[in-house]
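Trainee: So TrEMBL says this about it:
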type     : residues  : note
TRANSMEM : A:21-42   : transmembrane segment
TRANSMEM : A:62-79   : transmembrane segment
TRANSMEM : A:100-130 : transmembrane segment
TRANSMEM : A:142-164 : transmembrane segment
TRANSMEM : A:171-196 : transmembrane segment
TRANSMEM : A:226-246 : transmembrane segment
Amino acid sequence: MSTLIGRTAQAEWARIWSVRSSWIFAFATAAAVLGIGTMIGLDASSGPPPDGTAWDGALPTGFFALFGILAWATVCSTADHTSGGIIPTLQWTPRRGVLLVARATVIAATTAVVGLLLVTAAGLVIWAIVPAVGAPAGEAAGLIGRLAFVLTSGALLAVGIGLLTRSTAGALVTVLALMLILPFVLAQLSLVYTWLESIAAGMPGSSALYLVFGEGPYEEMTTTSARITLVAWVVGALFLGGLRLIRGDADR
Amino acid sequence: MISVQGLTKTYGSLRAVDDLTFEVEQGMVTGFLGPNGAGKSTTMRVVMGLDRPTTGTATINGKKYAEMTRPLREVGALLDAGAMHPGRTGRAHLRVAALSNGIPATRVDEVIEQVGLGRAGRRRIKSYSLGMRQRLGIAAALLGDPPVLLFDEPVNGLDLDGVRWIRSLFRGFADEGRTVLVSSHLMSEMQMVADRVVVIGRGRLIADAGIGDVLQGLGGSRVRVRTPRADVLVAALGGATVERIDEREIEVIGLVAKEIGEIAHRAGAPIHHLAEVEQSLEQAYLSLTGESVEYQTSGGTR
């Protein structure tokens, strides 16, 4: 893989896994997802036989995987700017558009794949604890397909916001606000101020939750509209973040 | 060759570099001098594609740095030794650089040994001293064995052994025909290693000449004379420029020692000391940049 984009992607891969924080995020997300999966399995084993399969039981763990990889992707995309490492990075890869594509692709692919593997593992844990629920392969593919879109979109959104803010704290607050806090707060407020409902439905977090659980508080939301909303946020964040990376001075 | 043409860089209302033009030739070490805030680092950052010029161009062997696809094979640079992820090991830092430019991993170990980091390469950068970070930055610059090298204050934090090493490194690179641009505040270092100097102040070019020419530009030779009859000698020197050191000692500018000795002999002024004053680059630098100092201490900078 000796093309420019290939070499840059290899460097990004090495950059992610050569710092301790990546391993900490991966293990912390694994602990949360597998821990929740284990609790769901134990809960199911102690009561009457559940209706769904192991994959239905694993669905809520996708929510925890999402927030684990949001934080991880945010830190990955801001680390160069907070440490000053962007100076050597741009010396080694001065084609900033190439760096943007490689960075966004590798961070999103890495974190999303880890998230999917963990949710799959959580499903298998539930199945191991309650074999009666079953774990049909066809349903696993459906779960993974649904989560893959949400996790990848979430990671790309985090990368875009990270590149835009160039600050880990600022990016984390922004990402968590868009994905968790604002959708929740606006949903509550929209019970009183109904005009806020469309704004709440337009938050990326509302779309992500709808796509994970297949339902939500907003009647007009569909799978297609949720996907379009999420993609629009991702494109917007990557456009603005990419613009700052490509057009701006390296670290000012 | 590095070519900077009509370069201007502004940050808001601050004009960091102002219509700067100079070229750095291959086969020699070029010193890049100027007081704090003169615009040296900004110029280097623009040359390396890190900051965008407001106007003007900066090219390396005819190409903009931002257009290079394997830049480490064409240009090596140390701009800021502190600008590295502290959680990565030195070796991992270089490994990322090597991967990005298709450089074999064996070369990483070679440059680690070359800069003297040795086993410290396996330690995390946050445990490194400034001198070790400088060495790591120099290792990254050497990774692709490039024909053009830029170093911004490379001897900061280096011990005496490191300074001697880097001095011979620069000399060796220039002798191999490479282009070497080094910014430094250590004039004695520059005088020992540079063949040519580019001096800037407040973002503008002040001097671009060989070391010898810069020293010559101070006004020619100076001769220190000590005699108990200094007044007699000063009168005998006629229109020559004389600086009075004390009642027995003077400095004569523009005449050589032999001429002064003969004038003193004719005037009956016994000479107790007669020596040409060696001009230093530091004196030349201070003389050239006197009006261009951006940041001064309350007592003056010199």
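Just so you know, glycine gets a Cβ as well, placed from its N, Cα and C.
Note that TrEMBL annotation is computational and uncurated.
If you look at the structure here, what lies around each of the features I listed?
Mentor: Counting residues 6+ beyond its ends, the transmembrane segment (A:21-42) has Cβ neighbours under 8 Å at 57-58, 60-61, 64-65, 68-69, 71-72, 75-76, 79, 114-115, 118-119, 121-123, 125-130 in the same chain.
Distant neighbours of the transmembrane segment (A:62-79): 16, 19, 21-22, 25-26, 28-29, 32-33, 36, 85, 103, 107-108, 111-112, 114-116, 118-119, 143, 147, 150-151, 154-159, 161-163, 165-168, 171-172, 175-176, 179-180, 208-209, 212, 241; these residues of the same chain sit at least 6 beyond its ends, with a Cβ under 8 Å from one of its Cβ atoms.
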Trainee: Residues of the same chain, at least six outside the transmembrane segment (A:100-130), with any C-beta under 8 angstroms of its C-beta?
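Mentor: Same-chain contacts beyond the ends: 5, 8-9, 11-13, 16, 26, 29-30, 33-34, 36-38, 40-42, 44-45, 50, 54-55, 57-58, 61-62, 65-66, 68-69, 72-73, 76-77, 93, 140, 143-144, 147-148, 151-152, 155-156, 159-160, 163, 238, 242, 245-246.
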